[in-house]
Structures are given as structure tokens and as C-alpha cells.
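Right, one structure below, let's go through it.
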Amino acid sequence: MESLVAICDTFISSIDDSGVGHVDDCVAGYFSASASQTGTPDRVARLMSERLHHPKKWILRAGLWLLSTWIGSLVLCGWRSFTGEFPYFRRFCRLPEKRREEILLNWSSSYFSLLRMLFRTIKLISALVFFTQVDEKGRNLAWKAIGYNGPSPDHSDHEVELNEEKKKKKPEEIFGPLYNGIVDLKSPREAVEKKLAGRGFAVSNQKRNTNGSSISDPVMKIQCDAVVVGSGSGGGVAAGVLAKAGYKVLVIESGNYYARSKLSLLEGQAMDDMYLSGGLLATSDTNVVILAGSTVGGGSTINWSASIKTPEHVMKEWAEKSKLEMFGSDLYREAMDVVCKRMGVQCGFVEEGFNNEVLRKGCEKLGLPVKNIPRNAPSDHYCGFCCLGCKKGQKQGTSETWLVDLVESDNGLILPGCQATEVMYDCEQGKKKKATGVAFAFGEEIYVVESRVTIVACGALRTPHLLKRSGLKNSNIGRNLCLHPVVMAWGWFPEEDKWPEKKKKSYEGGIMTAMSSVVIEETHSSYGEMVIQTPALHPGMFSGIIPWTSSKDFKTRMLKFSRTAHIFALLRDKGTGTIDSKTYIDYNLNDEDEESLKNGLERVLKILAAAGAEEIGTHHSEGRSLNVRTASSLEIERFVREESSKPLKDLSGQICSAHQMGSCRMGIRPEESAVRPTGETWEVERLFVADTSVFPTALGVNPMVTVQSIAYCIGLNVVDVLKKKK
């Protein structure tokens, strides 16, 4: 633990007033606070132990252990562990702070990739914890200094409202429209059985063995027409379609349900509660940081509202090249219209937020095309916190739409906090395998759902694992993973009376309202466009991805948080990866994709400069930046060219992914795909997949409308199966 404390205190050290000049009390307090003074190392250790499930986690353990010895410190730190005084070579924690800073900075660009991984991982988690941890009042000592207000009073808990107006409001008005459709398996067994039976589900409780439960001897058996594993944009839509068609549907969700009244909108808590692995997910080489939802509503609960229809050139490609007739059909176009209408998708906004104003102005100055982004939220929804859940319920994710249809039909229920362990199927010799249901775990207890059809919609990162552990052998399961890799650049706009308005903050306003789709001509590719948009970055994620060159520089960068605009370039990647297990995501950026991302980064830097940023930079570990106002046009051009030409595969920059797809792709032959054009698996009848994993290739834009449209069509296919097979 000494080594971890020393590393955290090096990343975030105490800096006295003399080192920062004249500042007000809140800024002075922020600079003087170290990681250990705020309890950061203990929380970092807990996160690493409980949330970080990475195949190379051993590097952290080994590195921290080595640093606890003088010889290990010599191995990892080299001559910098030499002090010139007996005992000459010292453990990392006994070295002067300045020397420790030099060591960490050396790791960030080390020839050895394991040292770069060690630096990147501990830096990201330390920063994330320091800037997201809160006291009993829900505040963080750094927030005022960096200009972050946290959740506004409008987003506060409903305790007062519940106490004063509980007689005036119905429970679903306070807790959300899924209030009556959630089954809490922590409730008494009799209450669970009563709720299931009340919705028409046959329940049997014939457990024989008192020592534990198993698939052959479960705690409970539940019978239904269809069981859906996953409640996101795929599973939620499929479940809603089936329930409205009159079939009994049970939804199994590994994440928990957070009603509107339970949403804190605190970044750290929301990530821990509603993101896969608490937001601590990355490819096997840690080169790509991955964000994915894990809660009722899935990614639609925490995404950024963009609701873009499948591009015409992608539909044409999937229909002609992949020979999937669905994407050239009227049915698919109707499906897109249906899901957009159900989500209330519209393109307008009453007021545009800081980041999007910057993107729009920069594009207009450069003559680049820029347009409004369709969103599943009303035009007056000026909220930058929807990545942490929508407290007002205005963002129309599946928990506000398709899952509501499920609940209101009286044909469906949702079981949150349940981990599907196996898809069950009949396996009679000489006959085709037929799905018969799903086994799932709630804590240590095993339950079984017996169904006529089974739909797996765990998302592109989890569906392959469930299918593989259920015995499916198709070689395409877990392959062809696309990530829509993203690279970002930043621009600092001081608080001045001139544009952009002084009152606006980087974390406020609609997360996505403007976008630019630009063909990267330099790649000579007809594959698609580079999409340029803005992200949602609250202090934790912001601090996790910005460069670190010293503790003082890092804290100074964070002072600019509220007026630093970020813009990213999203790539429709040609290269693909594989998923071998829950934790092993192998993805190597290919050369062509890397060049496209570099070109995208160049364009983003130019947009920020054109928009009027005083300072611009990227997330490269060197931490270079340029004062645009004092630089000549030649200096700006040279800086943009140099920063955008740096390699992206060596862990020196930062690549992110919020969209994962293609890992069980749809096709017309089992040799090249995992599921049929109907969504049914090649190996098991009545087993369907309905999430982004069925995408034939990368999409190139935000995938919510596309996956919902595909799930809608697959849902109709399942209805046909249920009609035929009574």
C-alpha cells in the first residue's frame, strides 16, 4: 500500500501557495490537497480490487510489489532510485517527490509498454477518484476551484418532495414509469411469486437440495413465452414488441434499476452503478478506454442522446455487399420511423451548450458542413448530466419508452441485478438444437426461466461470452468487433465578456446538438465519413484523459476545466478485434484506421483554433499546447501538423470507445457470420440475438436508432416464430 500511496501522492501532490502565486482560498485549498489527504489511495485500491477486471491487472500488483523493495525500484526506476547517500538505492516511497515525478513521467513514454500501462492505469484511476469522491454533503474540495457546480438543485434528491407531496403524486410519477414492472428478488419469496403470477407467469418452487441451488435444482422456475437477456436499445425494443403483441415476456438484466428519485447525478457514483465494470474497461493493451452501460435501459440510460438514422450508404452496403435484404426493404425504413417516433426524436434546440457552440462556430469559420443532431429529448432539454442518467425522464431511452410498453401491456416484468449464466436448449441426437430458456444467478442463488424463445441482447461486449459459455461453437462469435475509435482535442476559452458567453460551462447544455460529417479525402476511401462531435466530460473523466507532466501542471490544467471545450473525431473502423472472455478484449488499430484518426484529429484542432480558442492541444502524453492568440499562422499550422501526426498505437495518446458492435455479426452463411438474417443463431433454433453485436460492419454514426430498428425487425421475426410454434 505504501507504493500506491506514494504514486497517488506524486500524481496529485500538495503544492503550497508560494508555488502557485496569489489565488483565492478555494484554489489554494485545492492546490494544497494531496491524494492521501483526501483518502484517494484507499479508494483507488478498492476500485482496483473490486471493479478493475483486466487480463493484465497483474502488472499493477507486480509493479506495486516491486516498488516496495529497493531492488524492484531499481528495476522499474533505473538510476533515478539512486540517492548518493547510504543505502544509496531506495524504495520508490522513500524517494524525493521531484524524483518520483521524473520516474512517472519517464514511464509515460517508456520503451517498455508494461511501464506505459502501469502509468496510464494508475494515473487514470487516481485522477478519476480524486475528482469524483464526495463528502457527506455530496461535494468535492476541488469542484469550486475548477468551476464545477455538480448536480444543480433541480437535480437534487426528491426527499423533500416525497415528504411534502407524497399524497399528491402517484409512485410512478416519483420513481419512474417502470415502478410496477420491476421484480426485486431480495423481496420475500412469496411476494416475488405473487408478482410473477399476477402477470400471468407460471412459477414453480420445487427445490430439493438445501445446500445450494443449481440449474438442475433451481430456487425457482418461471415459465414464459419469451425471455430477453438485456434491457438496452436491443433487448428493450424486442421485449416491448413481443409484449405488445400479447406474449408473456421476462427481461433479465445484469445491472440494477435506478428510479429517477434514486439518481444522484454524481459522476463517481453513477459510473460505479450504471457503467460496465464501473467505467474501468479497456482493451487488452489498454490502448482504448471503453464505456458501456450496465443498468436497466442499458446504454440508452447513460448515452448522449444522439438519434441518427442508419446512413443511406451503410444500408446500401449491408443490403448489397452483405446481401442482407432487410436493409434494403421498406420494413427497415418503417422500423426507423417507428423507433424515432417512439423516442420523440427531433432536431431542434432552444439554446446550445458551450462545446457544441464551439464546434458549430469553428466549422462555419472553416466552411465545413455542420448540422443539428437528432436527439431523443425535447428541444428545451438543456442538460449536460444525461450521461449519468436523466433525472427528469425527458431523454427517451428504453426505460422511458419500450420497457414502459412492456410494463403497461401487463405482459412483461423486469428482473434487475440478475446475471444470465447459460442459455439452455434441447440437444437430442439427430435433431436441431432448440432453445428452451435461460439460467441466471441472483447472488448465490440459481433461477431458471423456461421459454418458447430466447433473445440474447447483452451488448457486443457480453453477448459473445454468454453464447460461448452456453456451448455455441460458431467461429464468428466474438470476432469482427468494431469500436468506433475516437480521438479528442481540446481548446481553452477564458471567461471573457466576448463569445462564448461567460456564463456557459463545458459540462452544461445538451451533450450533442451539432455535428460535422467530413469525408477524409487523404485516405482515398469510400468506406464512409469521419464524424466530428462533442463529448460529455465531467471532472472525473476529464482528469483521467488529459495529459500529466507534473502535479502542478496537472492541477493547473484542471483549473481550466469549465471553459475547456472538447471535440472528437469518430471513425468507422475497418479493423476489427475479438472478445475471448468478459475481460479479454483484443483490438489492434490497423494502419489505415490510424491514418484516418490522425486526419480527423488535425481537423478537430483546426476547428478549435478557428472557433477562437486561446489555447489548443491534444491528449498526447507530452502535454504540448499552443497559445493561438500569440502564435502566427505558420506556427499554428506547424503545431497542428506535428500533434496530429503522432502515433496512436503506443499508449502515448488516448483513444476512447462508446460504441461496440459486430461481435456476432449477421450474415447469409455460417462460415462468415454468427446469426441468420432473421437474428436467429445458426446453431440453435429459437435462440435470437438482438443487439449491436449483429451489425455486419461498423456503422459510422451513433448506433441507437440502428440497433433499435434492427431489434424491432428481429422482434417481428420472433412474433412470427411464436405464432407458428404454439
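Using the three backbone atoms N, Cα and C, a Cβ is placed for every residue, glycine included.
If you look up Swiss-Prot, you'll see His659 marked as active site, proton acceptor, on the strength of similarity to another entry. Under the three-state DSSP scheme, His659 (active site, proton acceptor) falls in the coil class.
Cys224 (FAD binding site) carries a strand DSSP state (E or B). The feature FAD binding site is assigned by Swiss-Prot to 224-239.
Annotation comment: Swiss-Prot describes 103-119 as transmembrane segment.
The distance from the Cα of Ala226 (FAD binding site) to the Cα of His659 (active site, proton acceptor) comes to 27 Å. The Cβ of Gly234 (FAD binding site) has Gly298, Ala457, Gly459, Ala690, Asp691, Thr692, Val707, Gln708, Ile710, Ala711 as same-chain neighbours under 8 Å, each 6 or more residues away in sequence. A simple way to gauge crowding: the CB of His659 (active site, proton acceptor) has 27 other CB atoms within 10 angstroms, across all the protein chains here.
Residues near Cys224 (FAD binding site) in space but far in sequence (CB under 8 A, at least 6 apart, same chain), listed by position: Phe201, Lys248, Val249, Leu250, Val449, Glu450, Ser451, Arg452.
With respect to their backbone Cα atoms, Ala238 (FAD binding site) and His659 (active site, proton acceptor) stand 20 Å from each other. For His659 (active site, proton acceptor), the nearest of the binding-site residues by C-alpha distance turns out to be Gly232; the candidates were Val228, Gly230, Gly232, Gly236.
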